[in-house]
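**Student:** Okay, these came from TrEMBL:
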- 20-40: transmembrane segment (TRANSMEM)
- 60-78: transmembrane segment (TRANSMEM)
- 90-112: transmembrane segment (TRANSMEM)
- C150-C181: disulfide bond (DISULFID)
- 215-241: transmembrane segment (TRANSMEM)
Amino acid sequence: MASRRMETKPVITCLKTLLIVYSFVFWITGAILLAVGLWGKFILGPYIALIAENSTNAPYVLIGTGTTIIVFGLFGCFATCRGSPWMLKLYAMFLSLVFLAELVAGISGFVFRHEIKGTFMRTYNEAVHNYNAKDERSVAVDNIQRSLRCCGVLNYTSWFSSVYFPVNGIPPSCCANASDCKSSDLRNATIAPTKVYQQGCYELVTTFIETNVGIIAGVTFGIAFSQLIGMLLACCLSRFITANQYEMV
């Protein structure tokens, strides 16, 4: 029995080392998801506000998932160092739940990527038509036009049919040169086209969103499958420790 324990001790030590390294990498993936969630909230927020029919909690889900992974990554390191079978099983169970959640999120991301154009054309047209420079969607339109240097849906003519144009003209966020863009010019259908961006926002936004949603979904999908390694290591280590009654000194 003593000889068997001596033979399995190096195996358990190797598994513990691998699991600690994995838990550290897992912790880093949590930090990445947290960063992506914050990036999605503050950078992609205006685009998501226009594309989603209702407000979306996707950035908050990523932030919450990332934070949870960071906490359980530390828990995994602690469980491995303690050599506690029940802690390792709990860690493996958590990894399986994260795997399923991230798998669903990755698939949803790819599906959503292909549905963007049709949805955005309709919602952005509505946002432009009902623009009032005050509500959330109007602010999102302004942010997009300034950041991407574009105007309107397909071009600046989209504004001519908006409820905002008859009184206020084209929004200042369309101005190519803010110092040479008077309110009176923006209300003049003849002068305004010479003062604003010529490219529409639709193509720029859909390209931007499709690219970045694809990246996010791909990263999430890759991280999800990495959980299988952690699950296998945690289960194997728990089994070896239980079978051989191995305890950390």
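Going from the start of the chain as shown, residues are counted 1 onward.
Just so it is clear, glycine is given a Cβ too, placed from its N, Cα and C backbone atoms.
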**Student:** Validating a neighbour-count step here. Other CB atoms within 10 A of the CB of C150 (disulfide bond): how many?
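**Tutor:** A 10 Å sphere around the Cβ of C150 (disulfide bond) contains 23 other Cβ atoms.
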**Student:** Are there residues of the same chain, six or more positions away from C181 (disulfide bond), whose CB falls under 8 angstroms from its CB, and which are they?
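**Tutor:** C181 (disulfide bond) has long-range Cβ partners P172, C175, K195, V196.
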